[in-house]
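Taken straight from TrEMBL:
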TRANSMEM  29-50  transmembrane segment
TRANSMEM  57-78  transmembrane segment
TRANSMEM  84-108  transmembrane segment
TRANSMEM  120-140  transmembrane segment
TRANSMEM  152-172  transmembrane segment
TRANSMEM  193-214  transmembrane segment
TRANSMEM  226-246  transmembrane segment
TRANSMEM  253-278  transmembrane segment
TRANSMEM  284-304  transmembrane segment
TRANSMEM  325-350  transmembrane segment
TRANSMEM  356-376  transmembrane segment
Amino acid sequence: MFCTWGYTASFGVYEDFYTRHYLTNETSFAISSIGSLTGFLGSAGGIISGSLYDRGYFYHLVITGSLLQSFSLFMLSLAKPHQYFQIILTQGLGSGIAVGLLHVPGLAVVSHHFRQKRTLVMTFVTLGSSSGSLVYPIMLNNLLNGHLGFANGVRASAGLTSMLLLIACLCVRTRLDPPTTPVNYIATARKCFRYVPFLFAISGAFIFKIGFYYPTYFLQLDSIKHGINITFSFYTLAILNASSCAGRITSGYIAAFTGVLNLTMIAAISCGSVILGMMGLRTLASVAILGAFYGYFSGVYTAMEGPLVATLARNPSELGGWMGIYFFLDAFGSLLGPPIFGVLLTSHFFWWKPALFAGIASLTGGAMYAFMRLVYTRLQKNES
């Protein structure tokens, strides 16, 4: 999680660096598409890795994904200025596939070891991505904009990533044997799409993710373009991601009182409200406050995604398949959102347009989660 989504969530640093220095010949739409492709493949790949995980290919996925992530980042360090396709192939395509191979197995394997406190433990696992998205932005901002430059800075981050992935490959173990009867994924998909609460959940995830990445990708650039102190601006993502850590840590305890479904809904609506508040971003204080609040609620939301699917899944042996379908469909929101932000932003930097669009999308996703909770509660009452 630290080396996959933690690195992906640091794309805001690259967004700023590419826009102002490395890809000045490209539009905001093109640059944003790099991050959206990584996010899309990272989530959509879950439908493949989830099915392979359920069939017992956990170690194959972890080792292959780790090697590909390391290779992609080292290849990114060789990309030259203004060579867009070199960057999108390594960072967008290569790293995105690697994240897709690692995400669902890394999250689902926790359910092998914990039953009673599964939600709490899964939230701590997702803390890895928050920790990575706290460390990598500070590291990359200082390296890319320092004396090392792009090539050596990316190599340094690739070296750290490779070392941590090696440790993960050596330490992570499964506990349960794969099912003796192969899981029928066509039947699993039918169960998913016939279960109305899950339909509302994936609809909410898709719409919510359209707006979700706006602060993560654009907060640093937004801050710099509004004349905020550049040194402070380099730490905006660190503020956001530090708050995200707090959100993920506390979410498991809060969910014990509110329930997973309620907390997911509240977090999504809160994220949308904060994104709308970014239309008023003007001062250092507003950047810090908005970043901290968004980081916290986005951390809570992200921590709840795995437990949410685990709660809705009808059969624990099919959890990998359910997670794969969920993350595959919500990935299309991640793919659509950032390029639309770039189009709305334009070269004249009309910040209110993408903020309004992203905020409305996230609030609409939150409303779908509210319908999910309502239908799920009614079904539970009828079954009891």
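Quick reminder: no glycine exception, Cβ is built from N, Cα and C everywhere.
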Same-chain residues at least 6 beyond the ends of the transmembrane segment (84-108) with a Cβ under 8 Å from one of its Cβ atoms are 1, 4-5, 7-8, 14, 18, 23, 25-26, 30, 33-35, 37-46, 48-50, 53, 58, 61-62, 64-66, 68-69, 71-73, 75-76, 78, 122, 125-126, 168, 172, 306, 319-320, 323-324, 327
The recorded stretch from 57-78, 152-172, 253-278 sharing the largest number of CB pairs under 8 A with the transmembrane segment (284-304) is 253-278
| Result, the transmembrane segment (57-78) in contact with the transmembrane segment (356-376) (3+ CB pairs under 8 Å) | no
Note: vs the transmembrane segment (152-172), the recorded stretch with the largest number of Cβ pairs under 8 Å from 29-50, 57-78, 193-214, 226-246, 325-350 is 57-78
Per the Cβ filter (under 8 Å) with a sequence gap of at least 6 from its ends, the transmembrane segment (193-214) is approached by 35-36, 39, 43, 268, 271-272, 275, 278, 298, 301, 305, 308-309, 312, 314, 322, 325-326, 329-334, 336-338, 340-341, 354-355, 357-362, 364-369, 371-373, 375-376, 379
